[in-house]
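What follows is a set of notes on a single structure, which appears directly below.
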């Protein structure tokens, strides 16, 4: 992040706006809505500001200094906005405010600002702020317009009523997890629908009954085994997104991308359970035991795995353990690396003219060899997808050639598929190992073998910056 988003309490505090035009008038109106006392400094005022002055000055909320800006105007200010049409004046205001360590915003000049103003979706007490860091105000405005259509106006009333009952709910339920689950059920159920329909009294009566009838039973834990997909956050399923937001704790793998981890709730504890070749941070048996222990503590456990949990993800072993302990679980499929990486590389895994079948195998080296059914893999008219095949690539290609595939059979390797770091190298079984070594590829990678690889040249649509020079 280039800027830290914060919400500043300026209620009954003095804020200074320098400028007397329409832009200044909009800034004054926003500050007044936030409860500030505003002092406007300008030689002249536009009609809109004059109207605001007539309305607000009697209440002591708005004051006017018919002067050019002087440093003394900042004497008791907690925030300053420079909205004049004179760059030199705006620069002087910025320098004075920074010297006094007062937050300053200069309209349309991020370089002079110590803070910038976001676009705001106001559903008080719910407020959503959107910013591009000054890079594209138009994009920010478009995002705000979209959010305005997605968030009903009644969300403000919904939040206000929840605030009225907050202390009672806290007193009713001693455990934070119980309170959170109560509110999740209430805010997604009949209470919310009644508020949206304008039936506020009925909604409050319903909530009263729920509080009276709710029992403080021990919280039951459960485990969500969720596929995070190959890396691009936009490939997550809606169900995965929902469970990511309601989990009490997350146990995640090495292949879950940082961008996806950023979509978790900030307050959710995270436990890393990644595995790398010859270095397992946590053995599989320990992971199984950890899931059981966390669930028995009453937690909703998100087991987040790269790709799909049932395709070389050892998800079956984990839920067997959970089932053996009587722990509830659910499985959310993810887009597996084969589907995601191949699609983003422009390589269809099946094609009427080239491949009538597709085989997924794992290419882990063990004692210098890869233990696979080579005669089956060397059949024509099929596509072979090899997970975790980077280190064993030379053995893989030699064995396929030795068992009957032509040495010029098309083959490709995809690094970090579906992400901005994706790199694709298309070659043949004979040349791919040497080209891969020269390119210094790193895991995670996916190897694809078969005639469909030739379609990559025509169908490659995803071209992130920094792709391999000369790669196809």
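Each Cβ is built from the backbone N, Cα and C atoms, and glycine gets one as well.
The region 'Precorrin-2 dehydrogenase /sirohydrochlorin ferrochelatase' feature in Swiss-Prot is assigned to 1-207; the stated evidence is sequence analysis.
The DSSP secondary structure for residue 132 (phosphoserine) is coil. Residues within less than 8 Å, Cβ to Cβ, of residue 132 (phosphoserine) and separated from it by at least 6 positions along the same chain comprise 139, 140. The phosphoserine annotation in Swiss-Prot covers 132.
Marked as S-adenosyl-L-methionine binding site by Swiss-Prot: 230, 306, 307, 308, 311, 336, 337, 388, 417. Listed in sequence order, the residues of the same chain lying 6 or more apart from residue 307 (S-adenosyl-L-methionine binding site) and placing their CB within less than 8 Å of its CB are 227, 228, 229, 230, 255, 313, 334, 335, 336, 337, 340.
As annotated by Swiss-Prot, active site, proton acceptor applies to 253. A sphere of 10 angstroms centred on the C-beta of residue 253 (active site, proton acceptor) encloses 20 other C-beta atoms. DSSP assigns residue 253 (active site, proton acceptor) to coil, not to a helix or a strand.
Note on residue 275 (active site, proton donor): other Cβ atoms within 10 Å of its Cβ, all shown chains, come to 16. Feature annotation from Swiss-Prot assigns active site, proton donor to 275.
Using a 10 Å Cα-Cα cut-off around residue 253 (active site, proton acceptor), the recorded positions 275, 311, 417 reduce to 275. Its Cβ placed at the centre, residue 417 (S-adenosyl-L-methionine binding site) has 25 other Cβ atoms within 10 Å. The Cβ centroid of 230, 306, 307, 308, 311, 336, 337, 388, 417 marks the S-adenosyl-L-methionine site; residues of that chain outside this set whose Cβ lies within 8 Å of it are 229, 255, 312, 313, 334, 335, 338, 340, 341, 387, 444, 446, given in sequence order.
Rounded to a whole number, the distance between the Cα atoms of residue 417 (S-adenosyl-L-methionine binding site) and residue 275 (active site, proton donor) is 19 Å. For residue 337 (S-adenosyl-L-methionine binding site), the count of additional Cβ atoms within 10 Å of its Cβ stands at 28 [all protein chains shown]. Compared over the binding-site residues 230, 311, the count of CB atoms lying within 10 A of a residue's CB peaks at 230.
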